[in-house]
Amino acid sequence: MVSERQTWSLLQGGQCNEYTVAYINARIIDPASGTDYKGYLLTRGKEILDFGPGFFDPNGAAFAASEVVDCNGHVLMPGIVDLHVHLREPGGEHKETVDTGSRAAAAGGVTTVVCQPNTIPRLENVLVAKYLKMRALESSCVNIEFYGAVTKSDGELCDMASLKDAGALGFTDDGLPVMNALYMKRAFEYAQDLDVVVAQHAEDCNLSDGGCINEGLVSRELGLKGIPDISESIMVSRDIQLLREVPGAHYHVLHISTKKALDIVRAAKREGLRVTCEVTPHHFLLNESAVLEHGTMAKMNPPLRTEEDRLSMISGLEDGTIDCIATDHAPHAAQEKTRPISCCAFGIVGLETLLPLSLELYHNAGMSLMDVLSKLTSKPAEIVRLPRGKIAKGLVADLVIFDLEHVWTIDTAKFSSKSKNSPFQGRKVKGKVLRTVVSGKTVYRAE
């Protein structure tokens, strides 16, 4: 556990009375700079004041801390940036709220969440954006960012410029794809001028309509309509052809799940197009057979695919084709997941399990720890051009301390999230968040 003691001194040599914290005996890992050493980190107010290798005396002549946190050799890294979160406000407060979702994020070491716009009403105008920002200020203990919608509820394109001015980091219709090719091309054109990303839920609904799990052996065994892998790859292929017409635009594939789509992204990157993509832990840890064991808790969109697809996701992470890991945190009320699988809700929660599940790539799949952590911190921040996900003097102190070797069992009953829908209930994992810091303030501490 993280230990601490209190002194009540000020920075010597000045009149600053901001709260100061010294994190000592830490294994500092910063993927953005390649840093990995035992050392210390100092914060003052909301910012990182200094950090470095070796021993640090928090009561020395140069610095006396308001608080000293002994990390006991555990990893201290930048806070996790999750690009794909559904906090459900406004309109879905029975599933999740900004308050409960942000506490779930803090418990998972996630210091920045990027909300998807498929709320009720949709995040398609400045009024809804202002509402979300107000709720974040009132209730959130982590940084809340958001995507704006590409299209309005009436099917017309959103005013992307005004939404960007209101704080949108990019644009997507996640939950559904932008099916209209002309609208997608226009979105690329506007986004190129605004220098923001367009993110796509890659699915051709004409092929997937009515499907509930992957089209394959399991869907046939259960007699369920399946969602074919080409519904994803055809949409990715179409979008990349459109991107060639607007080569300065940035295209991001959300929750990629198939080898076919990944191969298309890999080729586009080699071509020099601005294409990035993300993958969820469930798509690199589980395959379609999980539906037989976990039932509705293993129903999500895109669905769990074949074992070949799952292994290709790991290969994509290893070779850099997949840029980052995101949760697609999709909370649902219990009654929405206890209906028959053919008609229950898609989606699972993921904020509180993101780090340990991602660490399975390090513990079990042979990826370097630096590579795994980069896909949770600096890489997602770069995609949406946020000055977060790294450790540097003067940056906001968003930090996570975690025990790399701690073994524990996932218990959804203990989640801070309002919803408990996860196929990882009862799974033994290794790696536990001990403390989460947002803007210099501790917002979560393990019991």
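Here the Cβ of each residue, glycine as well, is placed from N, Cα and C on the backbone.
Here the structure is a predicted model, which means the values were calculated and not measured.
What Swiss-Prot records for His84, His86, Asp174, Asp328 is Zn(2+) 1 binding site. Taken residue by residue with DSSP, Asp328 (Zn(2+) 1 binding site) is part of neither helix nor strand, so it is coil. With a cut-off of 8 Å between CB atoms and residues at least 6 apart in sequence, the same chain places His84, Val85, His86, Leu254, His255, Thr280, Met300, Gly347, Ile348, Gly350 near Asp328 (Zn(2+) 1 binding site), listed in sequence order.
Applying an 8 A CB threshold to same-chain residues 6+ apart, the list for Phe346 (substrate binding site) reads Cys212, Lys299, Met300, Asn301, Ala330. Sequence annotations record features per position, and here Swiss-Prot assigns substrate binding site to His86, Leu87, Arg88, Asn118, Asn301, His332, Phe346, Gly347.
If you draw a 10 Å sphere around the CB of His255 (Zn(2+) 2 binding site), it holds 22 other CB atoms from the protein chains shown. Residues or ranges marked as Zn(2+) 2 binding site in Swiss-Prot: Asp174, His201, His255.
The active site annotation in Swiss-Prot covers Asp328 and is backed by sequence analysis.
If you take the Cα of His201 (Zn(2+) 2 binding site) and the Cα of Asp174 (Zn(2+) 1 binding site), they are about 5 angstrom apart, rounded to a whole number. Between the alpha carbons (Cα) of Arg88 (substrate binding site) and Asp174 (Zn(2+) 1 binding site) lies a span of roughly 13 Å. Each of the binding-site residues Arg88, His201 was ranked by the number of other C-beta atoms within 10 Å, and first place falls to Arg88. On its own chain, Asp174 (Zn(2+) 1 binding site) has His84, Gln116, Pro117, Asn118, Tyr147, Ala199, His201, Leu254 as residues at least 6 apart in sequence with a Cβ closer than 8 Å to its own Cβ. Under a cutoff of 8 A between CB atoms, and with a sequence separation of 6+ in the same chain, the neighbours of His332 (substrate binding site) are Lys95, Ala345, Gly347, Ser419, Asn421. Surrounding the centroid of the Cβ atoms of His84, His86, Asp174, Asp328, where the record places Zn(2+) 1, the chain contributes additional residues within 8 Å, namely Val85, Gln116, Gly175, Leu254, His255, Ala326, Thr327, His329, Ala330.
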